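Undergrad: Taken from TrEMBL, the feature repeat 'Solcar' covers 7-94, 102-222, 232-321. The annotation transmembrane segment is assigned in TrEMBL to 292-317.
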């Protein structure tokens, strides 16, 4: 019972929220590059790699262009990360009530439950973020697509086709806000519009949590100073979060590609639409090949690794416990 009194769910929620805000602020530009790389199709590639994407984004949209969609992400990532990290701790605690050490199966079950809980916030957050992040790519694609116009040859009887390229000034990035997108989705499709891609989000977040949390727990335990002193240096928590996060991110990258495609409402020229997860997978395989499922995988690993490394360190600092007057308790060392 002593262990149960040390666990404060409100404190864990505060820790998770602060951890998410700090982590997202640090890695958001890489996440934007990941979204744009995943959405571009074969034959219409605007960006060669992550650095090329970020450089072109800064040139065309300015420095703050790298943070398009950051406001909605910061607003919603607080409850999202709070639910994810706190739920995992909560379920680990519940599964270890008999006093024994958690088996790998129980650790995976706790991660699975945490992944299922977080999609309540994750799905609408990702839905809005992707629209804002991808707006610049769509405008950039419009600049590159030539328009074919038909003009009559003066004094002649035949029509001459001439290509007209838009070389000046380029169209500006659409200044659409998360509030506008939300209102439009609620007006046209109701609450379900915000949960488009829910199945794909579950396909991504549940396996991610099943892989990440047990892996992090075992890596984290390796950093314990001794059997008597089970504390772990902050840098070891950071490295454990980075390594576990990058492995889990690459593992579920194909699911993330499918989710991103399904949640992109606006399409570029000649970009296909999808009628669900199965249809999306089938069309990507047929038109782009298996390699398309790994688009943005390196960016995703670069996003998730420091995000979870930073988040775990901030989470273990115990700001929530400090504010609420509890003694910080590390479930991984229990």
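Each Cβ is built from the backbone N, Cα and C atoms, and glycine gets one as well.
Automatic, uncurated: that is what TrEMBL annotation is.
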Undergrad: With DSSP, how much of the repeat 'Solcar' (232-321) is helix, how much strand and how much coil, in residues?
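TA: Once the DSSP states are binned, the repeat 'Solcar' (232-321) shows 70 helix, 0 strand, 20 coil.
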Undergrad: Any idea what the model's mean pLDDT is for the repeat 'Solcar' (102-222)?
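TA: 75, rounded to a whole number.
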